[in-house]
Every structure is written in structure tokens, then in C-alpha cells.
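The structure under discussion appears below in the form of C-alpha cells.
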Amino acid sequence: MASAQSLEQLQEEATALRDEVSSLKDKLQATEESESTVRHQMDMQKKHTKQLMAAWKLRLQEGEDKLHRQKLENDKQLRDIAANLMFLEGQFQKEQKVIVGKLKHKDRLIEEKDRIIEQQQKTVEALKAANDRLVHGLSQLRLARGGGLENGGPSVEPRQRTSNSKSLNSNHKFQERALLAGPRLTEENMPKARGSLKGRLRSRSHPQPEKKVQRVRFMEAC
């Protein structure tokens with residue numbers, strides 16, 4: 001009886017062990033399947049990670065290339081801007097020299113014109129003074145001749161008076177033309193103008209011989 005019970009216990013234990021072994025096998029198989037799945041997932045993750053890393057490396061390389069190209073383009077633009085600035089500076093300096101030269105030339109012309117105007121003003125003043133002296137001389141001459149006539153001295157012919165009046169008017173017209181033509185007077189034509197004025201003064205101060213003869217005849221007739 002004891003042996004039969006022991007055998008049954010052993011069989012039960014063996015059955016339990018077989019069940020436990022079968023359960024362990026199932027667990028091991030599940031674990032292996034799970035491990036395989038995990039490995040597959042890890043492989044997929046590694047592959048995806050590699051793809052991401054490759055994509056990021058590509059983007060990074062593209063970014064670096066783009067940055068390098070942008071840097072080269074910026075450097076080129078800076079060089080072009082610097083060259084344009086240097087060119088503009090050179091042009092500005094040239095134009096500045098030209099403008100300064102023109103201004104200096106203009107200043108010289110203005111100074112020359114001022115000098116000419118000053119000389120012409122002096123000439124006009126000299127002509128005015130000469131005209132005043134001429135008018136004063138003619139007035140004195142007329143007064144002297146008029147006084148001589150009243151005192152029984154030689155008279156002045158009407159024709160001679162008309163000639164003196166015409167001479168005075170002619171002198172006034174000449175002086176007006178000289179004043180109007182004042183800006184055109186220069187040092188070159190001043191001697192000619194003075195000679196002409198002196199000639200007129202001589203012709204007015206010294207009557208012609210014919211007029212003297214007429215005056216003598218008039219006195220003899222009186």
C-alpha cells in the first residue's frame with residue numbers, strides 16, 4: 001500500500017513537473033518571441049535613427065553650403081560696394097577739383113571785372129572832371145566875350161554863338177555817349193578817347209581862321 005501511494009505521488013509530482021516544464025517552455029517561447037519583436041523594433045528604430053541622422057547630416061551640410069555661398073556672395077557684394085565707393089570717391093574728388101578750379105577762375109574773372117569797372121569808374125570821373133572844366137571854360141569864355149561886347153570890345157557873331165552852343169551840346173552828347181559806353185572803355189582805347197576829347201577841346205577853344213577873318217571884317221564894318 002505504501003509503495004502504491006509513493007508511486008502515485010511520484011506520478012503526480014512528475015505530472016506537475018511536466019506541466020511546469022511545459023509552462024516554462026511556453027513562457028520561454030513567449031519571451032523569445034517578445035525578444036525577437038523587441039530586437040526587430042530596435043533594428044527598425046536603429047534604421048530610422050540612422051535615416052534621421054543621415055537626413056539631419058544632409059540638411060546640416062546643405063545649411064553649411066548655403067551659409068558658405070551666402071558668405072561668398074556677401075563678400076562679393078562688400079567688395080563691389082567698396083569698389084563703387086572708391087570709384088565714387090575718385091569721381092567726387094575729380095568733380096571737386098573741377099568745381100574748385102571753376103570757382104577760382106570765376107573769382108579771378110570777378111576780380112578782373114571789378115578792376116576793369118574800377119578803372120572805368122576812374123575814367124568816367126576823369127571825363128566828368130574834364131567836361132566840367134570844359135563847360136566852365138566855355139562859360140567863362142562866353143561871359144568874357146559878352147562883357148567885351150558891352151564894353152565896346154569885339155562882339156561875337158551870331159554864327160559863332162551858334163557854333164559855341166553846338167559845341168557845348170556836342171560835348172554834352174559826347175560825354176553822355178562816354179558814360180553810356182563806360183563799361184566798354186579799356187586801357188587800350190583810353191589814349192584814343194583822350195586824344196579825341198583833347199581834339200574837341202582844341203577845336204572849341206581855337207576858332208578856325210575863316211571865323212577869325214569874319215570876326216575882323218565884322219569889327220571893321222562896325
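Keep in mind that glycine also has a Cβ here, set from the backbone N, Cα and C atoms.
Nobody curates TrEMBL annotations by hand; they come from automatic prediction.
Noted in TrEMBL for the protein shown:
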type     : residues : note
COMPBIAS : 18-46    : compositional bias 'Basic and acidic residues'
COMPBIAS : 161-172  : compositional bias 'Polar residues'
COMPBIAS : 195-205  : compositional bias 'Basic residues'
DOMAIN   : 14-142   : domain 'Disabled homolog 2-interacting protein C-terminal'
REGION   : 18-47    : region 'Disordered'
REGION   : 145-212  : region 'Disordered'
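Averaged over the domain 'Disabled homolog 2-interacting protein C-terminal' (14-142), the predicted model reaches a pLDDT of 91. Under DSSP, the residues of the compositional bias 'Basic and acidic residues' (18-46) split into helix, strand and coil as follows: 29 helix, 0 strand, 0 coil.
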